[in-house]
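Asks: A single structure is presented below for examination.
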């Protein structure tokens, strides 16, 4: 308290400006955040200088040296002093110039920030200079050495020991250099693709070894050829050019746009995207590049829309995307983030509408193409169909006019998908029409025969009182499923009782249950009439008006007359579960029970009994009583406060699965599973356990499946099948480096490679063995997925998604099944295994393994 008073009486500290050196260091750390940012700034400077040849050299992935050389215009001598000073630039002069800026850089912060974070040396030669100049700068951006340096026109910037002035960041940078390097190459790929007519190359040197090329483009004026230079010609074969279409009315309505908005041609989109055929996409989003006015950026909404539309046609893969969005510079704000990759757009909804309509149109036309295989085909009888080259070259439109017969392969060898869809839609519409009872069926299946037998037998079993009309109220196949087996299967899956309600309102009770009437239902057309069927138990018949029933007991002097209560006219309500024998009594049973009750009451007589009571004095103190009451009240409040804190509040329902899992992860540790007490097994599928006052239910199959799955993940070494000839992989230099560094992980997954150190980069690794397991086969696409996973977490044991699916299938088959009776030791073993798992809360297929049922303390309190 005294400290607080003394601090409040101290005079407020004066507000003073931070010294320029500290400001420079603080702000520089916010401009250059990573290796990719540093390389990006240097490459953009070269592009802004009009270079046609950019060469990037790295040492030890960029830890020791980053050097970018270009053949641009160079720097004039009068600009040497301001070259690395904060907010010194030749791109803009005032804020209004931002709306018209066409260069990558405009803030004048990049070189100044690099000087603050590393040792920077620049050599440059302008066209007007006779000889080049080499400049060395201090951390404040001041020139400390200036010497003549012979070189051709252009500029070379060398950055040594990046982040050396920030010890913590420098240590983190060195520790994660592989991940930083992979991100840098991803960023560099974007500039290689979009820089038409510019040759870009990158090499990396490890220690004193030779330089290894990372990426290289040939300076082609075409973006398509740049894609081939970076990712190989195989990638080009799976791409289709982007075709822009005006937004459709339905898409405009989805985005809340009017028809007049759709007429504005604000955007022009060009580029390439993967075909939607399964197998040509990617297993991840590692090759998606977006540009706005040829500036690489990360438009989150555009990226999400492209992937969502692609998943409508190929839900298991991601597309390769290169899209450039051209728009008036006045509609764009690029001054949002330090790296300029977050860009704000006017009329963004219109862009999304154009993009969605165009993608749907492209993929629809791609899906409707039927590729004709060159392999020999078989007709219905199994004979070979000879395919002529002239027939294969015929367009689809011509072939639609030919005979519709598919049996004669000579006359028609190609069918339009649209005609197939039309045929299938006609088939489904005819099948879904309700059949008339009088319409004969030419081919009745066994199921249809059963349904017909059920209709006839049901009609015959009903009495002749006009209870059920044959055409309207009989159970037939035209009014939904009525097969007893079908009905039983539906009820078994739904988990309801055995009474089923037909579409006409009839209730069919379980044959095992006993009720007073076999059918009690009202017709939809006449709800006032009542139908009665003979009782299975041969109970006495009651009059339709529910008249009085005279019941006589065995004793002559005692008689009783009772009125039977009217029963509901329709027992087949949707809530009807099951008929039980003891719930419905006949009138004679009711009469007999009441007579017995009267006999018992008549025989009971009250007798007065005199009891001698003893009087004992008792010490009593009002103060002690009040004290005890106060103490009990305090204890009750304390216990109530403890009970109010409930560890588990989530319900057992699919909507709260995530909340329940979070609660379990928070409150249950791995050691607690061994402390749980086994209560028993429920329904041959669940284990009931107790931990302190909490009761849990555990899915015996799901928990055993997850344990087996994790054991397979950790310890299984897949056996590989050697290939007849080594297979060349279409890998980039970065992906090839990741593969070589993680060969042991690939071998544990069943892949094996031969590495040729003397071969050119991107061709050093060749696949010689693939994992095989019964009916599971794997290929190069699984190698790509594993490389992508290892790029984010190098050295960590990873499994491709298809290997995980195989392990999940195996774990499911070898686990304890639902319906298996377990003894206490077996149940204890399953619960103990949960404490040995990394993620015990879900099975490999996503089903929950454990849920909280109740707290005994809360139940006893209530």
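Each residue, glycine too, has its Cβ placed from N, Cα and C.
As listed in Swiss-Prot for this protein:
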type     : residues              : note
BINDING  : 45, 70, 109, 110, 111 : ATP binding site
COMPBIAS : 391-401               : compositional bias 'Basic and acidic residues'
COMPBIAS : 408-444               : compositional bias 'Basic and acidic residues'
COMPBIAS : 484-495               : compositional bias 'Basic and acidic residues'
COMPBIAS : 528-552               : compositional bias 'Basic and acidic residues'
MOD_RES  : 573                   : phosphothreonine
MOD_RES  : 597                   : phosphothreonine
REGION   : 391-552               : region 'Disordered'
MOTIF    : 577-580               : motif 'Nuclear localization signal'
Asks: Count the Cβ atoms, other than its own, that fall within 10 Å of the Cβ of residue 70 (ATP binding site), considering every protein chain shown.
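Replies: A count of 27.
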Asks: Specify the secondary structure state of residue 109 (ATP binding site) as given by DSSP, simplified to three classes.
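Replies: It is coil.
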Asks: When the pLDDT values for the motif 'Nuclear localization signal' (577-580) are averaged, what is the result?
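Replies: 40, rounded to a whole number.
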Asks: For residue 45 (ATP binding site), list the number of other Cβ atoms lying within 10 Å of its Cβ atom.
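Replies: The Cβ of residue 45 (ATP binding site) has 21 Cβ neighbours within 10 Å.
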Asks: Counting only other Cβ atoms and using a 10 Å cut-off, which of the binding-site residues 109, 110, 111 scores lowest?
Replies: 109
